[in-house]
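Per Swiss-Prot, the features are:
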- 43: active site, proton acceptor (ACT_SITE)
- 112: active site, proton donor (ACT_SITE)
- 153: active site, nucleophile (ACT_SITE)
- 4-248: domain 'CN hydrolase' (DOMAIN)
């Protein structure tokens, strides 16, 4: 199939987990009814984002949140990229994205590889590593349309991850994320366009809607970028669902017009996956 419909759900996360799950499922169903074949949720969609919240809201996988996602994916017959949730496993906490197929099967579980530890004096300091552990594996899943690579938020800053996903044959990269009011306006769109252009792939980012009263205020602006580096769909800060057609023939045309994949000097440099 040369084209498919991708939708990103940007919704206002509340402190009540059950409300978040109900709201997410409602918006997923609305997106599916409008023709979405792949739907993505935001980072930390079932809880407020913050190191003090991760232990309180953490779940096993499978657990309450992922069971709901599995059910709604099956009900709608879609591929569902389940944003991320705080996951507890063997005494450790992870920032984890679970992906489900149209039959409700768990296809892949991506644990955020690069933890969000930054300190911008006078603006923002955040240390995910205070409570979270990093993941150590790559996450690619197959669809009838194309291969899809998954990262979470801060993972997008690392060009190597996108390059490895591209080498694995991914034509769409999806990053549930929650940039803030400092890094959001400066880097959010720039990073997406860079990853799309560097690798000649579609890039999508799903953010929570902005809540000015939250302890961590998300930038919002969920976005879909083409392999030409063009923004083809973009939200504001409010709760919404955005959609775009992912056109794989267009992607192939771009790769033929500017054939950087054939022109790379593999005799001089490479980005390689390290095996454990």
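From the backbone N, Cα and C atoms, a Cβ is placed for every residue, glycine too.
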C-beta crowding around residue 153 (active site, nucleophile), within 10 angstroms: 26
Average pLDDT across the domain 'CN hydrolase' (4-248), rounded to a whole number: 98
